[in-house]
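A.B. asks: Sharing a structure with you now.
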């Protein structure tokens, strides 16, 4: 296979070089043992799916009961909710650090192995914190639990998830049909959901037992040396001379400041109005940063001509790669408000089939738009369900003396309503459907639309946005706090769900307008522009100019 002779770019792994037909040399994949290459999913990726299953199984085993345990540690209902959402946010934020370490220093496999080795230590600490003898010492209990939870588990869980997606994609040669990689992304989400469904059953150390012995099966794309640093360097240097770049940098700073302030607010949530006011500041920063990313990142041409500190123009391949990363920012930014919806429910999800009625295959744009619509329906229905639940009679029973007693929630002492458990299923199914429609296309965009060296960074940026979306719910809960008392039968929690639905309507309208303007993630109808479509298939996404986007 012909290899380029030009200078190596930091975006391209040093053992791989761009080519016209496949985008990169396939010698890493060609060197893999033939017995592993015949069926990559069955021989290689099945172990990554098992790793995803174990990771989600152990992580959500903690997540499901986290709010209740914070209350056991004497945080208030509001404070425990804020702490739980901070855990979610920190988990998602960790993917940026994981991508940086993997891309610049260790590579994906070693970073994953390190995370899988460190995570069980966090579980051991929170297990010790839950012992009855330790619970008696409140200070020791809180320290052990918070260190184990935030430093041991949160910093590893989603960092592992983001790397597993890109590492699994790496197992498929650039010559492989895209459908094979898409199938892995779908099965990865399925394995995640199976792990969530039975998360109480397996100890997290099984992750290491699954991952370490299978090392020889994987393709190990070497660290690309400064992939994330290169993106930051180019954008920051561009900000010195371009207003659009300044606004993108400002938006990023706002996101990071909001994330840090949210941690402070969570630990101060029960200290009067200080924590509450900090949360409001976080919400304003996140919304403002999201608007900046959406508005100013639609046209990344401002990166052209960027120079380093010596006024030497950056490598052209680096410029094109950074432009493609920036082009994805508005698409990811819209998911901020989707994650507000996603964080309002439990985590039992399933894969559903998609049917095409539009005269063309489903596009990334169309799938995500459909997911937003389903999310709106789910929030409206959840609000309606809350009204139905609140108006249902309370559960009662006769005690040993024949006196009628109200059935109370053992954790908080609130009365339980007489409504079948299966009546709540539709809201979970709707959110699960939206998750599949939104999350799998987001993975595909992060993997297919950028050069190989930036794939982990792009997927991590998508999960970074999830972190911001996980921060906003705590602000929304505070805004509607007077309608969400400890006894929900005395409140109107449906107001919050209806408000989130209204925000999602605005978000969806803006998404359609912006994506139509950018012509991002769209494909033509079957039978139209067939010549152009066939030409596009011959050129990989990593080699396309940002201006060569399909039109609807």
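Our numbering is plain: 1 for the first residue shown, then up by one each step along the chain.
Each residue, glycine too, has its Cβ placed from N, Cα and C.
According to TrEMBL, the feature region 'Disordered' maps to 529-552. The transmembrane segment annotation in TrEMBL covers 112-131, 143-169, 189-212, 247-266, 278-296, 369-388, 419-438, 459-483, 495-514.
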A.B. asks: Can you name the far-off residues of the same chain, 6+ from the ends of the transmembrane segment (278-296), with a Cβ under 8 Å from a Cβ of it?
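C.D. replies: That would be 82, 244, 247-248, 250-252, 254-255, 257-258, 261-262, 264-265, 268-269, 329-330, 332-334, 336-337, 468, 471-472, 474-476, 478, 510, 514.
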A.B. asks: Between the transmembrane segment (495-514) and the stretches 112-131, 247-266, 369-388, 459-483, work out which stretch tops the count of Cβ pairs under 8 Å.
C.D. replies: 369-388
A.B. asks: Cβ under 8 Å, sequence separation of at least 6 from the ends of the transmembrane segment (247-266): give me the contacting residues as numbers and ranges.
C.D. replies: 79, 82-83, 85-86, 89-90, 93, 235-236, 239, 275-276, 278-279, 281-283, 285-286, 288-293, 295-297, 326, 329, 464, 467-468, 471, 474
